Amino acid sequence: MTIAIGQEKTRGGFDLVDDWLKRDRFVFVGWSGLLLFPCAYLAVGGWLTGTTFVTSWYTHGLASSYLEGCNFLTAAVSTPANSMGHSLLFLWGPEAQGDFTRWCQIGGLWAFIALHGSFGLIGFCLRQFEIARLVGLRPYNAIAFSGPIAVFVSVFLMYPLGQASWFFAPSLGVAAIFRFLLFLQGFHNWTLNPFHMMGVAGILGGALLCAIHGATVQNTLFEDGDAADTFRAFTPTQSEETYSMVTANRFWSQIFGVAFSNKRWLHFFMLFVPVTGLWTSAFGIVGLALNLRAYDFVSQELRAAEDPEFETFYTKIILXDEGIRSWMAAQDQPHENFIFPEEVLPRGNAL
């Protein structure tokens, strides 16, 4: 008989921390939580602080806080002043020099929230990877969440990095985002951009697929219990299906002539459509950061300029964009002292 005497492996500090982070608790922490929770807390806290107390008078010439009379829809944390360029605006940096009030006045809170928000979203994505790995799931949730991350990073970081300063990013508020949308339309003709079209198709297509899928499952639920309502007619741990894929397939085959043949392809398509839409719109925003143009139908513009009776929906959009630029540039960038002579302002359909 052979007796093997082994020495118990000593556990290092890393193993102890790993065990504590992955302990089963009400709110899982994990290694990703070390990035997610502090960044999310600071980003949300910074936004609540900014919308409550901090003015945009010094950066945009606007009132933007509850303290100044704004409400939830009009309050915002505004982007830094154009003169700040692409500085990270550290509180201890040369701009604020440790003065918290000055830091808020020049837009330091926006940079603080945008950067911590970006890392918070990345932390949330990593959290989905980590938990999926621990419980033995595929990582498609995390892959899908890369879409919102791509849009956030492209809009709040990549776009202003391609422009003159952080000033041209969206301020963090509801009405502020609407103003940014008008800006993108007026200066980039964004709605006519094919990447925007693909993004809209992806998001609205995903919503349509979600509605169809939910309704179809509800329509084909089995009556496999004696409970009073549908939701109590099955148990979450039962091995049998609770709805009929065959019935759903026959129904949509009659409606459209085609239908998904299996659940894997169906659910992959529901994943693919909206995530692809988000990614394509993010690519489009990066293109706008580089001032790339899309779909300039110059022949129609030239003919409209020569013939007062010729007008298309495209030339009407171009006129509207000119109006947005001429009104918004002076309003939105008062520090530039823009003055537009009468002859460059849009009039009729004469471009």
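Including glycine, each Cβ sits where the backbone N, Cα and C put it.
Among the residue ranges 72-88, 89-105, 123-139, 310-326, the one that Swiss-Prot annotates as transmembrane segment is 123-139.
Range annotated as transmembrane segment by Swiss-Prot, chosen from 39-59, 165-185: 39-59. It is HIS267, among the binding-site residues HIS196, HIS267, whose Cβ has the fewest other Cβ atoms within 10 Å in the structure shown.
Counted as Cβ pairs under 8 Å, contacts with the transmembrane segment (123-139) are highest for 39-59 among 39-59, 151-164, 277-293.
Cα separation, HIS267 (Fe cation binding site) to PHE260 (plastoquinone binding site), rounded: 10 Å.
Here the binding-site residues are GLN128, ASN141; the one with the fewest Cβ atoms within 10 Å of its Cβ is ASN141. Counting every protein chain shown, the number of other Cβ atoms lying within 10 Å of the Cβ of HIS213 (Fe cation binding site) is 16. Within its own chain, the transmembrane segment (206-226) is flanked in space by residues 232-234, 240-245, 247-248, 251-252, 266, 269-270, 273-274, 277, which lie at least six positions past its ends and keep a Cβ under 8 Å from the stretch.
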